[in-house]
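To keep things clear, I will list the structure first and then write my remarks on it.
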Amino acid sequence: MKQILKYLKIHLKEDFQASYYLAIAAFLAIAMSLNYYFDFEDSVLDSYYGKSIRLFYYFLFYCFAYYSATIIMAYFKNEWHIFKNKEYWIKSLLILTILAVDTAFHYHNILIKEFMDVALQYWASRVSKNLVNIFTTIIPLVLFYKYYDTQQKSFYGLTVKGFNHKPYLFILVVMIPLIALASFTDNFANHYPLYKNNSAYYALQSPKWVPAIIYELAYGWNFLTIELMFRGFMILALCSICGRNVVLPMVVTYCFYHFGKPEGEAISSIIGGYILGVIALESRSIFGGVLIHIGVAWLMEFFAWLQKL
């Protein structure tokens with residue numbers, strides 16, 4: 001825990017500027033208010049589900065978040081030179097495209113409806129949604145890393161070098177009672193557990209827990225790719241260009257990524273995204289974020305399941 005606090009202290013000492021942080025906070029407050037008042041992400045963007053144009057709209061959505069935050073940073077820190085850097089545009093547009101494709105990808109559901117038993121379709125759709133990122137995220141980033149971004153010392157923080165698991169396990173232990181309390185709220189109960197009862201076990205001729213475990217493992221895998229995109233690429237691939245200025249634009253984009261979830265979760269993503277971003281920047285590893293992210297996600301599923309008993 002001391003190491004994490006040390007990381008935050010170092011980063012705040014070098015990066016904090018009251019006017020800049022307040023401007024980012026104001027931007028997020030306005031964006032969140034508009035999103036949840038008009039239900040923009042759910043009622044507008046997701047109304048195009050099943051249409052290819054939805055991918056383009058999500059690209060614009062994430063570009064607005066990321067580049068607005070970067071413009072705010074450049075204004076308050078006089079870092080306009082970043083926008084003249086070709087490498088910045090290549091990397092930022094790549095990750096925003098990958099993020100949009102990963103969010104809006106729906107073509108796997110077409111195949112599921114065409115070729116799978118009706119009893120398996122819901123389960124297969126939920127599982128594949130969490131695994132399709134192998135094609136939308138992992139493979140594109142591996143190719144970019146191998147053939148273009150060759151100066152990186154690791155695959156965007158996927159390294160255990162210097163990684164100490166103890167502070168992250170401590171954080172998870174602290175989170176247990178907090179998540180347990182949150183599970184009694186209506187917002188939590190209306191959203192979790194993400195895995196709903198279905199007939200997959202009958203079609204698979206297996207105990208009910210088998211398809212449930214397969215889903216939860218796929219759900220956990222999804223958080224590794226989320227960390228790879230936000231903390232791995234947005235922080236570690238771009239810090240050589242932007243320095244410490246990479247953190248808040250990532251945080252803003254990460255908050256927008258949560259706009260379809262309960263408001264409390266979007267707010268907590270700001271704090272969590274900031275802390276995990278700083279940890280990745282200082283440690284050059286994303287495994288701490290992966291451990292916390294998967295641990296919290298599974299704890300939320302577990303306590304939501306207990307509430308349904």
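The backbone N, Cα and C atoms fix where each Cβ goes, glycine too.
According to TrEMBL, the protein has these features:
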- 222-297: domain 'CAAX prenyl protease 2/Lysostaphin resistance protein A-like' (DOMAIN)
- 20-38: transmembrane segment (TRANSMEM)
- 58-76: transmembrane segment (TRANSMEM)
- 88-110: transmembrane segment (TRANSMEM)
- 130-148: transmembrane segment (TRANSMEM)
- 168-185: transmembrane segment (TRANSMEM)
- 233-257: transmembrane segment (TRANSMEM)
- 264-281: transmembrane segment (TRANSMEM)
- 287-306: transmembrane segment (TRANSMEM)
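A Cβ distance under 8 Å defines the sequence-distant neighbours of the transmembrane segment (130-148), meaning residues of its chain 6+ beyond its ends; these are 94, 98, 101-102, 105, 108, 155-156, 215, 218-219, 221-222, 225, 228-229, 232-233. The transmembrane segment (233-257) shares more Cβ pairs under 8 Å with 264-281 than with any other stretch in the list 20-38, 58-76, 88-110, 264-281.
DSSP labels the residues of the domain 'CAAX prenyl protease 2/Lysostaphin resistance protein A-like' (222-297) in these numbers: 67 helix, 0 strand, 9 coil. Summed and averaged per residue, pLDDT over the domain 'CAAX prenyl protease 2/Lysostaphin resistance protein A-like' (222-297) gives 95. By number of Cβ pairs under 8 Å, the transmembrane segment (20-38) is matched best by 58-76 from the list 58-76, 88-110, 168-185.
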